[in-house]
Structures are given as structure tokens and as C-alpha cells.
Amino acid sequence: MPDNRRSQAITKGAKRAPNRAMLRAVGFGDGDFDKPIVGIANGFSTITPCNMGLDTLAKCAEHALKNAGAMPQMFGTITVSDGISMGTEGMKYSLVSREVIADSIETCVQAESMDGVIAIGGCDKNMPGALIALARLNVPSIFVYGGTIKPGHYQGRDLTIVSAFEAVGQHSAHKIDDQELLEVERHACPGAGSCGGMYTANTMSSAIEAMGMSLPHSSTMAAEDEEKRISATRSAEVLVEAIKKQILPRSLITRKSLENAVTVVMAVGGSTNAVLHLLAIAHAAEVDFHIDDFEAIRARVPVLCDLKPSGRYVATDLHRAGGIPQVMKMLLVHGLLHGDCLTISGQTIAEVLKDIPEQPRADQNVIRTWDNPVYEQGHLAILKGNLSPEGAVAKISGVKNPNITGPARVFESEETCMTAILDRKIKPGDVVVIRYEGPRGGPGMREMLSPTSALIGEGLGDSVGLITDGRFSGGTYGMVVGHVAPEAYAGGVIALVEEGDSITIDAHRRLLQLNVSETELERRRAAWQPPAPRYTRGVLAKYAKLVSTASRGAVTD
């Protein structure tokens with residue numbers, strides 16, 4: 001079959017003369033209508049450093065597509081800057097943007113009968129939004145990551161955006177003065193690229209590389225380095241070959257490749273958001289994959305990389321140490337990866353990794369040897385109990401107090417909790433509960449980076465637990481539990497918690513328990529009434545009506 005089998009619907013035959021006339025206006029010539037039309041879903045934006053370099057990559061891809069015999073068509077997708085909207089009402093739109101990105105890419109590609117897609121993204125929701133769309137479309141596709149930001153520097157230490165969030169808590173606790181807070185602010189983000197630790201953007205780019213939907217080594221490159229532009233060019237060339245071979249996303253996004261992605265996320269110490277996003281990608285690809293699969297994988301995979309937020313290094317350090325291919329080779333050698341999974345290049349994972357050393361280089365400390373892992377088991381645990389019968393997600397590795405039982409401090413929103421923290425009203429041993437921040441209740445499932453960072457900045461990160469039906473940033477660490485499901489708005493037990501109730505977070509037993517009798521819970525449940533929707537018009541109102549529970553990925557279809 002021809003490489004332009006889809007676009008023939010708009011380019012072939014006498015009755016398509018009007019269609020061709022429009023295409024001629026955007027640069028098509030007589031010899032171009034037999035070429036495959038490839039969409040470039042360009043997330044370029046000056047809203048955020050994560051995306052401000054994407055236009056350069058899109059132009060590299062556009063040029064390479066033309067040289068390889070394809071006809072590129074550029075179109076835009078939105079982005080939301082989580083770092084800028086964090087801690088505000090605007091953060092409610094962050095997870096919503098994942099769906100908008102997915103829907104917009106699907107809409108454009110289907111409407112214009114494109115033969116292939118290059119999706120280019122940077123900020124957190126760009127990656128899962130794009131992969132959801134590519135899985136739905138199932139036309140030859142590749143993802144190009146915009147790249148990671150380089151670390152900032154101040155007083156001899158590396159900084160990331162999380163340094164600035166934690167500095168707010170340090171400032172509130174009078175550990176640093178106004179000038180030092182300002183200097184951290186000035187130096188935390190030195191240029192283009194996504195947030196530099198193993199936060200959500202770098203986690204998801206690593207997962208996409210592990211699934212074979214992007215090129216090897218591409219997920220840890222610095223945004224401003226020349227190799228990132230070379231990678232964008234090479235991605236376009238590989239995609240044209242994939243169109244010829246009809247390598248489709250659903251032949252790459254399989255149960256085995258999702259297991260590979262989760263395995264890599266565990267090994268690099270990735271973000272809790274990976275659980276939500278990989279469930280959503282699996283749903284889009286119609287793959288049978290569930291929240292309990294994460295726990296099964298966690299139990300057998302060590303954390304091999306010493307990366308921020310809880311570790312010492314950033315993504316550019318990981319890149320210099322060998323990147324995701326080095327991590328994957330170690331996992332493959334020890335039987336924890338499926339080497340027979342196909343990649344966009346047409347090679348299997350095992351073939352891609354054939355020339356990668358089995359052991360990390362001795363002159364680096366980012367990737368540990370197999371017999372000296374950072375932690376012996378994965379860090380993203382699925383906690384269950386009467387507070388989260390559908391599951392909740394916690395980062396448990398490195399927590400100094402893996403078992404906390406304490407009085408509940410209940411807040412109906414992130415803002416009220418943040419005020420209490422900065423007013424020094426949270427004490428060691430407390431278990432903070434932030435509810436009505438779930439997918440429907442928020443709506444939008446905001447990330448709680450501001451309160452968790454403030455707790456750490458005030459020295460309470462090891463002594464205070466925090467649970468929420470909202471999410472956490474990839475920059476969060478400490479005894480925190482998110483994605484509590486069912487959420488409060490849906491009548492989950494988290495809605496029934498009262499101030500002072502005893503709550504247990506037990507990482508070892510993977511337990512999240514409200515220590516209140518079932519009789520008392522039944523009394524409270526009978527008296528509970530769902531709150532009125534916070535929004536009755538617009539995108540948040542639509543989202544709240546459509547979105548599923550977090551334990552299914554907060555999907556909308």
C-alpha cells in the first residue's frame with residue numbers, strides 16, 4: 001500500500017480538486033500529493049521554559065521530513081505551566097490540559113487525514129497528552145521531548161525549581177532572609193527546558209523512551225544542547241521509515257511495554273504522576289493494565305538512580321552517566337525488562353540495547369551498581385485500606401518514618417492548608433488531610449507541591465504525614481499519599497474524616513487507614529451530603545462531569 005494511504009482521502013481524484021487547491025496555498029506542488037502528509041504537533045509556547053525551545057525542534061523536524069520525502073504540516077497544541085500555576089486556582093486546569101492536548105492532536109490528525117505524527121512537548125502534561133492521542137489515532141507516530149533544563153547554581157549548590165518552593169518554607173520558618181530567598185528565585189531556572197530533577201516531565205519522557213515511542217537517549221538530553229536538535233532531525237527520519245513499514249503505536253504500547261515503562265520509572269525514582277498517566281495511556285491503547293500492576297512491579301525493581309527530588313543529581317547528570325539506555329540495559333540483564341518489545345525504529349528493545357555496557361561507568365555516582373542500589377525496592381507504592389479501597393499512591397523510599405499514626409488535621413482545600421502551615425499551626429506527628437481536590441471535586445486534581453515543600457522548608461517533612469485526593473508534583477517527597485480513591489466528592493471515606501481522628505500511614509504494610517469504627521463511619525456516611533459543584537460552566541464543569549476516578553487514570557472517555 002502507498003505511504004500516503006490516509007491522506008489520499010483528501011488528495012486523490014478529480015473531486016478533490018478543491019482540497020488540493022487549499023493545500024497548494026500552503027506550499028504543496030504538483031509532485032507532492034503522492035507523498036505522506038505528516039503532522040507536527042508543536043507545543044511551542046513562551047508561557048514556560050519547558051516549551052520555549054520547541055519551535056526550534058519543530059523546524060528541525062520539518063526540514064528533515066521534507067528531505068525524507070514527506071510533506072510536513074505544523075499545528076499547535078496548548079500547554080499549561082504547572083510551576084507557574086502551582087498553588088493557585090489555575091492549577092485546576094493542569095490535568096485538564098492533558099485531555100485538551102490529547103483531544104486537539106486527535107482532532108487535527110483525523111480531520112486532515114494525516115499519514116503520521118510527530119508530537120513535540122515539554123511541560124508535564126504534554127507527554128501523556130500526546131501519547132494518549134497517538135494511542136487513540138494508531139497512525140505511525142513518534143514523540144520528541146523538548147529536553148530538560150540545566151541546573152541553576154547558587155553558593156556552590158545545584159538548584160531546581162523545587163529549591164524555590166522549599167525556600168518559601170525556609171523563609172517562613174526564618175531559616176533564610178529575604179535576600180537569600182530572592183537569590184534562590186533568581187538562580188533556580190537558568191534557561192530553557194523542563195524542570196531538571198526526576199520530576200514529572202523527565203519521568204514521563206523516560207517512560208516514553210522505555211516504551212519505544214521516542215529515540216534512545218532522547219529523554220535526558222538538555223534542551224539547549226545541539227544533540228537535542230540532532231535528535232529531532234533523526235526522529236523525523238525514523239518516522240518516515242515507520243510510515244513505510246506501518247509501525248503503529250498500538251504495536252509499541254502493549255502490556256509488556258507498559259510493564260517496561262513502569263519498571264524504568266521505579267528504577268529512576270520517578271514521579272507519582274506516572275501512575276495516573278500510564279493508566280490513561282493504557283486506557284487509550286485499550287491495554288488491560290491496572291493500578292495493582294504498579295505494586296507488583298514495585299516489589300521486584302530496585303531504585304538504581306540517585307536523582308532529585310529525594311536524591312542528589314538531576315537529569316543532565318543521568319544523561320552524562322549513560323541515560324535511560326544504561327538503566328534499561330541493567331534491568332534487561334537482570335530479567336526485569338521485556339527485551340522483545342518493538343520500538344519505533346523497528347528494532348526490539350534488546351537490539352537497541354545490544355551495545356550498551358552491562359554495568360554503569362565507575363567514574364559516576366548517578367546510576368548505582370546492581371549490588372548497591374539506592375533502595376532495594378521501588379518507591380511508588382499503592383496503599384489500600386478503608387481510606388483508599390481503590391488505592392492511593394505514595395512515595396515510600398527514603399522516608400525516615402515509614403509508619404505514622406497521628407491526629408488528622410483536615411482542610412477542604414490546598415489554600416487553607418497552606419495558610420495553616422505558614423502560620424506554624426501544623427505540629428510534628430500530625431497527619432494533614434487535604435480533600436475535595438480530586439478529579440471531580442477540585443475539579444482537576446491539583447498538585448500539592450506548595451504545602452509539601454513548605455512542610456519540608458519548615459523542617460516537618462519527616463514528622464508530618466499528608467494525604468489528599470489531589471496529586472503531587474514530581475518534585476514532592478516525604479511521607480505523602482495522593483490519588484486517594486474514591487475521592488471526597490464521590491463520597492469516599494476521606495470525606496468522612498473529622499479533625500483529630502487517628503490516621504495510620506504504614507508504608508511497609510502499604511496501608512492507609514482511618515482508625516474509626518465502622519459503626520461511626522456509617523453514622524457519618526448517612527449524614528454526609530455531596531457539596532455543590534464549584535463550577536457550573538466552562539471547561540472545568542465539563543471535565544468534572546466526564547472524568548473517571550484516579551484509580552483508572554482520571555480519563556474522560
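Just so you know, glycine gets a Cβ as well, placed from its N, Cα and C.
Quantities reported herein were computed from a predicted structural model and do not represent experimental measurements.
Feature annotations, courtesy of Swiss-Prot:
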ACT_SITE  SER473  active site, proton acceptor
BINDING   CYS50, CYS123, CYS195  [2Fe-2S] cluster binding site
BINDING   ASP82, ASP124, LYS125, GLU447  Mg(2+) binding site
MOD_RES   LYS125  N6-carboxylysine
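Note: the Cα of CYS123 ([2Fe-2S] cluster binding site) and the Cα of SER473 (active site, proton acceptor) are spaced 12 Å from each other. The Cβ of LYS125 (Mg(2+) binding site) has THR79, VAL80, ASP82, SER94, LEU95, SER97, ARG98, ILE101 as same-chain neighbours under 8 Å, each 6 or more residues away in sequence. Using a 10 angstroms CA-CA radius around GLU447 (Mg(2+) binding site), the recorded positions that qualify from CYS50, CYS195, SER473 are SER473. According to DSSP, LYS125 (Mg(2+) binding site) sits in a coil region rather than a helix or strand. A separation of roughly 9 Å, to the nearest angstrom, links the Cα atoms of CYS50 ([2Fe-2S] cluster binding site) and ASP124 (Mg(2+) binding site). Taking the recorded positions CYS50, CYS123, ASP124, SER473 in turn and counting surrounding C-beta atoms within 10 angstroms, the largest count is reached at ASP124. Packing around ASP82 (Mg(2+) binding site) is summarised by its Cβ count: 31 other Cβ atoms lie within 10 angstroms of its Cβ, all protein chains included. Within its own chain, CYS195 ([2Fe-2S] cluster binding site) has CYS50, GLY83, THR148, ILE149, THR160, ILE161, VAL162, ALA201, ASN202, GLY474, GLY475 as residues 6 or more apart in sequence whose C-beta sits under 8 angstroms from its own. The secondary structure of GLU447 (Mg(2+) binding site), as reduced to three states from DSSP, is extended strand.
In this structure, the CA atom of ASP124 (Mg(2+) binding site) is 10 Å away from the CA atom of the residue listed as 'active site, proton acceptor'.
Counted within 10 Å of its Cβ, the other Cβ atoms near GLU447 (Mg(2+) binding site) come to 31, all protein chains included.
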